[in-house]
Each structure stands twice: as structure tokens, then as C-alpha cells.
Amino acid sequence: MMKIIFMGTPDFSATVLKGLLDSGQYEVLAVVTQPDRAVGRKREIRMTPVKELALEYKLPVYQPEKLAKSSDLEELMNLEADGIVTAAFGQFLPSCLLDSVDFAVNVHASLLPKYRGGAPIHYALINGDEQAGVTIMEMVKEMDAGDMIASKATPIEETDNVGTLFEKLALIGRDLLLDVLPAYRAGQIIPQPQDPSQVTFSPNISPEEERIDWSKTNRQIFNQIRGMYPWPVAHTLLQGQRFKIYEADMMAGSGQPGQILSISKKELVVAAGKGALSLKTVQPAGKPKMAIVDFLNGLGRSLSLGDTFGK
């Protein structure tokens, strides 16, 4: 049975880890994940999804803030694992650790060499791509730059958002890894280098990128909103206060960008630079997330035609 160290953090990673564990082909000697963090409005300390799963399976868990500078590093190297599997871990692996195993592979949620970095799923949606995918690649010191072992694509649907696409790609990544890892270890797959001329990056979303620019087309804003749902969430200003928009639909319409074109007890339509958007799920400052109907029958009653978002 192949002995591996698994490294990952979010739900995407947990899906891959569970696939390895349930396959019965791998002995997971240790799981490495990010430290517990404070999350949500109440800043409650929560374990990562990978840690929760590892504890369920009674696996040793390591949570170094920086693996390269951690005392855990030597202990991991002494485990004498055959290989390392990573999936959305969020840290670089030290060369000494990579050199201590026979193989190290990463499950990355993009069709490399496109979208190296930490937010490939977000950018695939924000940029309006027609497809996304997963690549299994060899680990090297440079971020997501290793030779590609296998990849698989899937269409992006109009109804997809970050959450739904994460779920789809996690399952694809799990199955693809289980399909190709034995053949790769047997030398039956020759990894292919990435084309340097086709490399693009997907760094973590910045606060500036979360803000909606109403002068953009309704398609661009629609893609931004779904490319940040359920996190980090696109936002604008309304009456000087932050106003988050979780979901919206594209509509025909014209007016000054950000201007309210139509308002009723059930619908709120806002002009974009081209076309318009009907807001569906929102969150006013200091309030919980709510359906647009609830907003319009509460705080939204003070709004009227011609009021403008973004100010």
C-alpha cells in the first residue's frame, strides 16, 4: 500500500482526501493543513474541513503557520512516506521535503498553464470562461509550475458560481487523481511541461476587485458577482453604506450606471454600463444576507427610481 502525506485546507481538499482514504489503496501517514482561524461575523475559531475529516479518520494532523520554519518539517520527513499529495494547501513546500519522497503531486483547480495561483475558480467565472477544469501536476518549488500528469475539463454553466464550481471540480479532481496516480507511479504516464507562453495567474482576490464598477456591462458585473459567491462577495455602496450583492440576473435596460431603473415589492433593477441587473440576494450594512423581496419590504422601502448604487 502506498504511503502518503496529504496537504490541503478547504472543502475541495477534503473531497480529494476522502477519495484517497476510501479507495483503500493508500495509507495516509499524516495530514498537514492550515491553522484553525477565526471566521464569520462572530469570529469563531474553526477547524479547516481537511482537519475535521482527518480527525474523523483518526489521522495525525499538523498545522504549521509556516511549514518551512516549523519543527513539524523534520518529523514529516522522518515518516518515510512514498509521496506527497497536495490540494489547495496554501503554502510552498520546502525543497528538502520534496526531496525526501519518491513523488509529490498537486491537484490544481484549473486547466494549466492557465490560472496558476490561489483563486483559479474565481477567475474562470469572473473572466466569463466557457470551461474550467483540474490538472494533476508534479510539485516543484515554483508555484503551480510543475509538469502536467493529466487534466480534465468541464463546462461552466450560466447558473454556476464559486460554490457550485468548487463542488464539481473537487469531484473531478478526486476521480482524476485516483485514475492516474497508479499509472504515474508505474511510469506509464510521461508528464508534459507547461507552455510558458500560455501561463496566466489567479492571485487571491483583492478588496478592490470585490467592488462593483457599474460602468461595466451587465455581463461583466454578473460574472463578477457569481465569481465571488459565496465568498468573498461582491459589494457596492448604497446611501454611503456597504451593500453586498450575492446573486443577480442579467436584464435588458439602460440608464446611468448604478441607477435604479425599476423598483417594486418584488424586484429591484439597476442599470449597468450596458444592460441592467435584477438583484436577487443582498446584504445591507449591519444586516444578515436576505432575499431581495425581504429587503424591498424592509430597509429598501426608502429607495425610489433614480437612486444610485455606488455612492
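Every residue gets a Cβ built from N, Cα and C, even glycine.
Sequence-distant neighbours of Leu112 ((6S)-5,6,7,8-tetrahydrofolate binding site) (same chain, six or more apart, CB under 8 Å from its CB) are Thr135, Met137, Asp144, Met148, Ser151, Gln194, listed in sequence order. In the three-state DSSP assignment, the secondary structure recorded for Leu112 ((6S)-5,6,7,8-tetrahydrofolate binding site) is coil. Feature annotation from Swiss-Prot assigns (6S)-5,6,7,8-tetrahydrofolate binding site to Ser110, Leu111, Leu112, Pro113.
Long-range C-beta contacts of Leu111 ((6S)-5,6,7,8-tetrahydrofolate binding site), restricted to its own chain and to partners at least six residues apart, with a cutoff below 8 Å, comprise Gln131, Ala132, Gly133, Val134, Thr135, Ser151, Ala153. With all protein chains in the displayed structure included, the most crowded Cβ environment within 10 Å among the binding-site residues Ser110, Pro113 is that of Ser110. Neighbours of the (6S)-5,6,7,8-tetrahydrofolate site: apart from Ser110, Leu111, Leu112, Pro113, residues of the same chain with C-beta atoms within 8 angstroms of the site's C-beta centroid are His108, Lys114, Tyr115, Arg116, Pro120, Gly133, Thr135, Asp144, Met148, Ser151, Gln194.
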